[in-house]
């Protein structure tokens, strides 16, 4: 009553509540301005990918730990950050951390993903945040300069050289079984066949013929990894077909600038991972040039135990058995068209870029149902153990019942009187 009366008198004398009540009487909530900044920001640079992640990833006020964040299939770790920083940063090359590259009609697309996989802190067994996966893509136009800087007169970016000077764009893609479209899922079952299509987009360039010089399968995008398997070797010999597989080049070609081949999928027995990468070295020659030992596409046919080329004389494949293919002392005359092409290539080499060849990686190819998939094993092993236990118990019960019946019959035969089963057990 006294407080209300005092406020009423103050209002009459001073004419305002704000002069009478400098302190807020009723409790109020504090409102913070909403921010438009996304929790994950991506900068697609010329040769680098920069990912910036807010520690308040879920917008709940609970900060995540940088150690719970990784990038890509190879689980790349973020840069070291201070505890006072409110963001976590990744800076990686476009081809690092297992990123995947795809060639579309209008762009090169590099794709990867950000993983938040929380772990309990200290000795706790609880989590306060969820696992999250954020897909990331960088699109680079194929018909423009992707450099973020101005082009210097003394330096031509690789993409500019490839698209505007030589007009060559190489690609290696996984295809569906009918070769009609690109395979949407990279998953396989062991025993499946992978359909791969190598191609060069020539633009306004002279007609060219594409070859797969060599291919190698590895567990990571690094083609020089210690654990590897050669698929194509010796300048175009599909050596994987020598083993227990049907791997082969497809003949005839759909076009000179396209080469298709199949590979029986496999996994490395000495490693538990269920993914592989295939890296192929592609090259081109003028379309009118006759294939030779250095430029060929040869498959091994088991029914005849011989090598056969997609085009050209069968003699060019004989070196595949020797494991050494080359043309020592080659001195044949070049055609006028080839001399002009070589001159253009020489000019490109002087600018530090050789665009008649390229090394392309496709992957990862993921194998489902592999024996090392512990999640599958964990779900089936208990069931199998229970079934075995029940089966064993059944066998033991039947055996005991048989023994009891035999003993009862012998006892009846010896004593003649009819004895009820209850007396037998006594």
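Here the Cβ of each residue, glycine as well, is placed from N, Cα and C on the backbone.
Feature annotations, courtesy of Swiss-Prot:
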type	residues	note
SIGNAL	1-22	signal peptide
MOD_RES	23	pyrrolidone carboxylic acid
TOPO_DOM	23-385	topological domain 'Extracellular'
DOMAIN	43-305	domain 'ZP'
DISULFID	44-138	disulfide bond
DISULFID	76-97	disulfide bond
CARBOHYD	123	N-linked glycosylation site
CARBOHYD	145	N-linked glycosylation site
CARBOHYD	154	O-linked glycosylation site
CARBOHYD	160	O-linked glycosylation site
CARBOHYD	161	O-linked glycosylation site
DISULFID	215-280	disulfide bond
DISULFID	237-298	disulfide bond
CARBOHYD	244	N-linked glycosylation site
TRANSMEM	386-406	transmembrane segment
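Taking only the Cα positions, the spacing between residue 215 (disulfide bond) and residue 237 (disulfide bond) is 10 angstrom. With a cut-off of 8 Å between CB atoms and residues at least 6 apart in sequence, the same chain places 296, 298, 300, 307, 317, 319, 320, 325 near residue 237 (disulfide bond), listed in sequence order.
Most buried of the disulfide-bonded residues 44, 76, 97, 215, 298, judged by other Cβ atoms within 10 Å, is 298. Neighbour density at the Cβ, taken as the number of other Cβ atoms within 10 Å, is lowest among the disulfide-bonded residues 138, 280 for 138.
Cα separation, residue 280 (disulfide bond) to residue 44 (disulfide bond), rounded: 26 Å.
According to DSSP, residue 237 (disulfide bond) sits within a strand segment. If you compare Cα positions, residue 44 (disulfide bond) sits closest to 97 out of the recorded positions 76, 97, 244.
If you measure from the Cα atom of residue 97 (disulfide bond) to that of residue 244 (N-linked glycosylation site), you get 33 Å. Other C-beta atoms found within 10 angstroms of the C-beta of residue 244 (N-linked glycosylation site) number 8, with every protein chain shown included. When averaged over the domain 'ZP' (43-305), pLDDT in the model lands at 85. Cα to Cα, residue 244 (N-linked glycosylation site) and residue 76 (disulfide bond) are separated by 36 Å.
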